[in-house]
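The structure under discussion appears below in the form of structure tokens.
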Amino acid sequence: MEKFEGKIFTALCTTNVLISCLLFSKITREQREPYMDEIFHVPQAQKFCEGKFDEWDPMITTLPGLYLVSVGLIQPVVWLADLSGKAVCSAAMLRFINTLFNCGNLYLLYLIIYQIHYKDKSRTACRRVLTALSLSTFPVLYFFTFLYYTDAGSTFFTLFTYLMTLYGSHKMAAMLGVCAILFRQTNVVWVGFCAATVVAQRLDEVWAAEQTKKRDHRSPTGSHVPLNLAGAKRLVRFLWEFATTTANLKALIMATWPYLLVAAGFAGFVALNGGIVVGDRSSHEACLNFPQLFYFLSFTLLLSLPLTLCPRRVLRFLQSVRRQPLLYLALTTLALLLVWKFTHVHKYLLADNRHFPFYVWQRVYQHHPLVRYLLVPGYVFATWSFQDTLLQGRSLFWALAFGVCLVVSTVPQKLLEFRYYILPYLLYRLHMPLGSTPRLLLEIGLYAAINGATIYFFLYRTFQWPDSTDVQRFMW
């Protein structure tokens, strides 16, 4: 890290911590008691603080990573300060752990950005720092740093896992991946993605070597593989030859064995547990909800508008449609079919009016039966924009690995829940080309406005249900 860049980053970290602590104090004063899912998480953590590790709330569906880390952080403070009483593991103390995770996420994001975009050392110091600051305030993630949810810690350990993969420390990455899975079981997909990046790197090397032998000096990046039927045949043939070569398979196993051990352990857990979900499974049944991928792509398009939106980009999309009308007609037809046959609506989405997705569904998708089909052209554009950005400077094999993990992490989810989009969005955004300073400042401004509005609604736009006197609050 350059000296000047280090000073800028330190100043922004300090500012971020100060603002986060002030917001934490305000939110905790207004909502002292556990709220929403905290009514399960806080009592469970308090049991762990009391040493009751054999007591478990069956309504909790995640593994105990959050509670174990909470005890690991709080107990040393208790011993050193000789504290006692309920305040030690109060809701406020437990929530503050996620505020600490937010600081850690900012640092990890910066290190990952520095590692990915290390080639542009002289011209992009400020842009690297601004990108890290922007992503650390990503609206959905930032809001849950002030409540006792699993999201901040889950993101922290998953980002840490990926950082160690980028450094080539695969044993450490695998151990951190286990921590990520202990926070949320679905993080096994992103641990798999870390392993897949190692495989993609090996594929890039073999591909480049083969092209050199054929006197084809084109780069092995995905942009130089024709995205048509001939290119697909060429790619499939290459992957088949690679997979049937013993030397290649041995090299991959030697490179990825720490991740394979994690996968084997997770498979054993699923077999013993009878499924991925622990506790109450009635509301977390997997299904083929393909439109969930379209929701994510639309969400991604909207949140990345400050960096991606420009007239030239829209023009390039229209030119692509004009050059390949049959391809886009096929994509549109497929999207319409998936929306028609595979749209699932979770009971929570229709019943819980405290969450923003409730209003998105009610006021957009339920406005008219045809709305979900009329949005398909927008989905097609969002898909084009996503792949167009993803392939800039990334190999096709890396993009395929990310695409597969994205589908696996989103499609089985029945509930429309923006928290499920945090990790795939951050990983996508981290690999986008660094934006210009004005665009990054615009992104930070957009995120700040969304965060401000979200926290304002949570604190001051309270309401009550007709059959209850409890105060209800809006949230993600």
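Here the Cβ of each residue, glycine as well, is placed from N, Cα and C on the backbone.
The annotation transmembrane segment is assigned in TrEMBL to 60-81 (among others). Here the transmembrane segment (60-81) has Cβ contacts under 8 Å with residues 40-41, 44-45, 48-49, 88-89, 93-94, 97, 100, 148, 150, 153-154, 157, 179-185, 277-281, 284 of the same chain, all six or more residues outside its ends.
If you look at the transmembrane segment (93-117), the same-chain residues 6 or more away from its ends with a CB under 8 A from one of its CBs are 1, 9, 13, 16-17, 20-21, 24, 28, 41-42, 45, 69-70, 73-74, 87, 124, 128-129, 131-133, 135-136, 141-142, 144-149, 151-153, 155-156, 159-160, 162-163, 166-167, 426, 430-431, 434. Look at TrEMBL and you will find 93-117 (among others) tagged as transmembrane segment.
According to TrEMBL, the feature transmembrane segment maps to 129-150 (among others). Through the fold, the transmembrane segment (129-150) approaches residues 5, 8-9, 12, 16, 20, 23-24, 27-28, 34-38, 41-42, 45, 62, 65-66, 91, 94-95, 97-99, 101-102, 105-106, 109-110, 113, 183-184, 303, 418-419, 421-422, 425-426, 429-430, 434-435, 437, 440-441, 443-444, 447-448, 450-451, 454-455, 458, 475-476 of its own chain, all at least 6 residues removed from its boundaries and within a Cβ separation under 8 Å.
Here TrEMBL flags 156-183 (among others) as transmembrane segment.
The annotation transmembrane segment is assigned in TrEMBL to 259-278 (among others). Within the chain carrying the transmembrane segment (259-278), a Cβ under 8 angstroms from the stretch's Cβ atoms is held by residues 60-63, 170, 173-174, 177-178, 181, 185-186, 188, 191-192, 194-195, 198, 253, 284, 286, all 6 or more beyond its ends.
The transmembrane segment annotation in TrEMBL covers 293-314 (among others). Panel annotation: around the transmembrane segment (293-314), residues 138-139, 335, 338-339, 375, 378-379, 381-383, 385-386, 388-389, 406-407, 410-411, 416, 418, 421, 424-425, 428-429, 432, 435, 439-440, 442-443, 445-446 of the same chain, lying at least six beyond its termini, place a Cβ under 8 Å from a Cβ of the stretch.
Here the transmembrane segment (326-345) has Cβ contacts under 8 Å with residues 287-291, 294, 320, 361, 372-373, 376-377, 379-380, 383, 414 of the same chain, all six or more residues outside its ends. TrEMBL lists 326-345 (among others) with the feature transmembrane segment.
Per TrEMBL, the feature transmembrane segment maps to 365-384 (among others).
Annotated transmembrane segment per TrEMBL: 396-416 (among others), in sequence order. Listed by sequence, the residues of this chain that lie at least six past the ends of the transmembrane segment (396-416) yet keep a Cβ under 8 A from its Cβ atoms are 186, 189-190, 192-193, 196-197, 199-201, 203-204, 207, 221-223, 225, 235, 283, 285-290, 292-293, 295-296, 344, 346, 348-349, 357, 360-361, 387, 390, 423-424, 427-428, 431.
Taken from TrEMBL, the feature transmembrane segment covers 440-459 (among others).
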